[in-house]
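Enquirer: Pulled these features from Swiss-Prot for this protein:
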- Cys178: active site, cysteine persulfide intermediate (ACT_SITE)
- 124-218: domain 'Rhodanese' (DOMAIN)
Amino acid sequence: MSQAIVVAALYKFVTLEDYIELREPLLQAMLDNNVKGTLLLAHEGINGTVSATREGIDGLLAWLRNDPRLVDVDHKESYCDEQPFYRTKVKLKKEIVTLGVPGVDPNQAVGTYVEPKDWNALISDPEVLLIDTRNDYEVAIGTFKGAIDPKTETFREFPEYIKANFDPSKHKKVAMFCTGGIRCEKASSYMLGEGFDAVYHLKGGILKYFEEVPQEESLWDGDCFVFDNRVTVRHDLSEGEYDQCHACRHPINAQERASEHYSPGVSCPHCWDTLSEKTRRSAIDRQKQIELAKARNLPHPIGYNYKAEA
């Protein structure tokens with residue numbers, strides 16, 4: 001790869017009794033390796049996306065895998081020319097991906113992992129119910145052909161959607177997917193708890209599918225939303241054509257950028273009529289700072305913070 005920056009999405013469900021104590025040394029390991037991005041720590045494990053040079057990512061992964069609990073931490077890689085994150089952060093959370101249902105624990109029960117090479121055959125089975133576990137704005141960018149869109153705004157809405165629409169006695173085979181594998185893994189644990197028997201999820205998520213399945217064999221339609229400044233990636237993991245509205249976080253395409261309601265860093269057609277005046281003024285000020293820093297060839301104005309956050 002010619003690109004200078006490696007982007008690594010990583011996670012693992014594993015009991016971390018000392019996750020609070022891990023926060024500071026993990027942050028220091030990121031700083032020592034010049035890694036940017038955000039990692040989440042919780043009792044149930046670790047999750048996040050980070051970026052650095054090849055050497056920096058390898059250094060952080062080596063540090064993580066020095067802990068026997070994280071020796072097999074799952075990670076997917078893609079590449080870009082510029083640093084896609086501004087900050088280096090470690091946050092403490094109740095959940096590394098928030099479902100909001102007590103007792104759901106992938107460390108205790110989880111669905112059947114499906115390797116990317118076997119995914120096409122599974123979802124081509126007419127008896128399989130294929131569910132996209134991501135949020136509505138992510139699904140709008142791209143999804144697998146034939147997948148059901150729950151139209152959820154957050155993952156917290158997923159349990160109610162399942163209860164309202166599906167029955168374990170009628171839906172015998174369920175396959176789920178998400179960006180990097182973590183959300184659908186937790187969703188599979190929830191589904192098993194609700195009585196669904198045959199529950200499958202894409203190992204490594206969409207990003208691993210892009211890595212391993214040739215584009216000519218792909219059943220994916222569109223781009224994949226990613227949680228960094230690239231906004232989306234194509235099947236070949238190159239950066240897509242979408243931008244992101246900094247006010248509402250919604251992805252926006254070229255047509256939406258041409259709208260009279262689009263103002264870079266301030267508003268877009270999805271949010272222009274819902275923003276409060278206070279939010280709009282704050283966004284305008286923020287954008288001015290960004291443009292001024294860029295014109296003076298200075299670091300991004302929100303890029304100075306190194307944080308270990310509770």
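Backbone N, Cα and C atoms are what each Cβ position is placed from, and that goes for glycine too.
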Enquirer: Quick check: in three-state DSSP terms, what is Cys178 (active site, cysteine persulfide intermediate)?
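Expert: Cys178 (active site, cysteine persulfide intermediate) sits in coil per DSSP, no helix or strand.
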Enquirer: What are the DSSP helix, strand and coil residue counts for the domain 'Rhodanese' (124-218)?
Expert: 38 helix, 19 strand, 38 coil
Enquirer: Applying a 10 Å Cβ distance cut-off over all chains shown, what neighbour count does the residue listed as 'active site, cysteine persulfide intermediate' have?
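Expert: I get 24 for this one.
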